[in-house]
Every structure is written in structure tokens, then in C-alpha cells.
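In what follows, a single structure is set out as C-alpha cells and then discussed.
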Amino acid sequence: MIGYCIRTKRFWVYYFAIRILYLIFAIHIYGKLTQLGDTERYLNASLSSVTDFSFLWNSTKMMDAIGSIMGILGGSNVLTNLPFTILSFFTVKWIIDKYHFRQYINNRLLLFVLSLPNFCIWTDICSKETVGLVFSAILGSFVLDFLSGNYSIKKKHIFAMYLCLIFKPQYAPFIIQGLFVIYVMNRFCRTISRKVLLGLLVIFCNAVLLYLVKDVVNEYANMMYVHFDFDGSSTRDNLWLKDNDFFYEAPRGMFVAFFGPTVSEMMHTPTHLIAGIESCILLMLFLILGSHFFYRLVYQYKLNVTLFFSYFIIITGIALLHYPFGIFNPGSAIRYRTNFLFLFILLFLYLQKTYKHIYNKG
């Protein structure tokens, strides 16, 4: 037990040191190669931003208000961004320790995954992605608690949903649906057939809703490309040239938007190469963590229906709504992915924990 505590402390000391190094790298090197989002703007915002109470429902103004306070120490530098590094560190530490994930995955692999460059850079600075990490971690714990049979709704869950609705409202419906599916399946569906019926019904309702609003989606799809810097070398050609192209391109587009750069883009730009390698590592991690789940499904014909449908709804739904924000620019894809990436990592870590329990009992 003492040895485990020592290893635990060492793990987090290493991780905190890595976070600090990434912060220094982001400010002094990476920030010179590319723009660090709106970090400069937030940390140089006027203190009057705090008195503009529209920050309570506007994500940009909220970041201006927070940044204006931190920026008192001198604009964008290591010191003014340090509180966001600390916030990210303790957010990750809290949830990894809460579910004892370090006991179910190789610690070196876990440390490596939690230290991926783009994930750390964008959540080490004053950015919306840092807030995204916080609410995705708390909402991730909300989902995992439901899966574990704990259905209590706490203040932190309400606060996280509030942040989600301000910063990334498009994620909320699918997280709520996932929670709903877990609760109803566990409490009221006693047979597998009823669980499958409920899961298919929820997916069908989403499909019908998408069909009903397809004209609105097509209209927004036509407007979406204008918001990207099409004069920039990293901006791709418009894929949505005809009505419903958004839907036809969705399967491939969802993957590309999550992955980020294509192979050719990786070969041309060092930052895209790093992002592509990072995405490959993430996909391999998800395969490793989900291997027991997939093995039981393919070779033993056993399926945890609640896990399958809740994961499918949350992951597919969020990936679908990330798709229009990431399909046209690999940099935007990687940056915006950071808002929900930790949620996905938590879901797959929970898979590993769940199925290791099953095999250990067996």
C-alpha cells in the first residue's frame, strides 16, 4: 500500500512537470509558430469585462472576464497562464484518482496519453479548451456514475452542464440522451430485448429529427465554409456543393474531423505531422482499451447493451456535431477536438476497468 502511494505521488509529480514544460513550450515556442487561439485577446481584455454581466451566458465574454483578471500580471505569459495549467492538472488528477484508473492500465501508457502535445498545449493556456476539459471531465464522471448505478445529480454536474451549454451547447443533447438511456435501461428495462428496443428508438428519433431539419442543416452548411480562412494554405476545399452533401459526406467527414490532418498534410507541415501522430496514438489507445469489449462481442457474442447504446449515442452524436467545425481545417479539427477528447478517453478507460473486473472474476 505504501509502495502504491509512492508510485501514485511520483506519477502525478511527473505529470505536473510535463504540464509545466508544455506551458513554457506553448508560450515561448509554439506561440511563435502559430496563433494560440484567442489567448492574447483574453489576457489583454479590459477589466471592465468583469462588469459586463452578459459573460454569464456568453462564452467569449466569460473568457474575457476571466482573462482580464489573470492578465493583470502582464498580458499573456507563463505566469498569467499558469492558473489554467494548474486547473487542468487537478481536473485530470481528480477524475483519474476517483475511478482508480491507474490500477487498470499501464501507468507509462496512461502518462503518455495524458501528455499528448495538442491536448496539453490547448488546455495549459487561457482558452475555451481548458474550460472544455473541465466540463467534459465532470460530465464524464456523471456518465460513469450512472453506469455504476449512482444516479444522484450534484451541484458540480449542474455547473458542468451550465458551462457546456455556454461553451459547447451542441454536445449537451447527446450527453443527456446517454444519461437517459443508461438510467431507463438500468431501472426499467429488465430484459435485453427491451433495452435494444429503447436504444434503437432513441437512435431512430435522432434520425427522424435530422431528416425534419435537413433544410436548415443544408442552409447552415452553405454558410459554414465562409467562416474559415479559405485563403490560408491549411484550409481544404468545400465538400458541400449540393443539398444534402453534409449528410452524404458525414461518415468520412466525422472521421477526418476527429483525426485532423490527412497524410499529405502531415507530410507538408511539422505541426500537422505531430497532430497526425497524436491522432494515430489515440485511435490505437481506443482499440487497446476497447479490446475486451470487442473480443466479447465478436468471439463470444456477448454485448453489454447499456454500454453499447449509451456510448454510441454520446460518441457518434458529438462526432457528428464536431464534423462541420473540423472538416475544413486540420488545425481547427485538433483544437476543437480538445473540448470533448478527455470525455472520450474517460469512456474508454471505463471500458478497460469494467472488462478487467469481469476477466479477473472469471
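Cβ from N, Cα, C; glycine included.
Note that TrEMBL annotation is computational and uncurated.
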Which residue range, 158-180, 273-295, is the one TrEMBL calls transmembrane segment?
273-295
Counting CB pairs under 8 Å, which listed stretch among 133-153, 307-328, 334-351 touches the transmembrane segment (72-96) the most?
133-153
Look at every Cβ pair spanning the transmembrane segment (133-153) and the transmembrane segment (273-295), keep those 6 or more apart in sequence, and say whether at least 3 of them are under 8 Å.
no
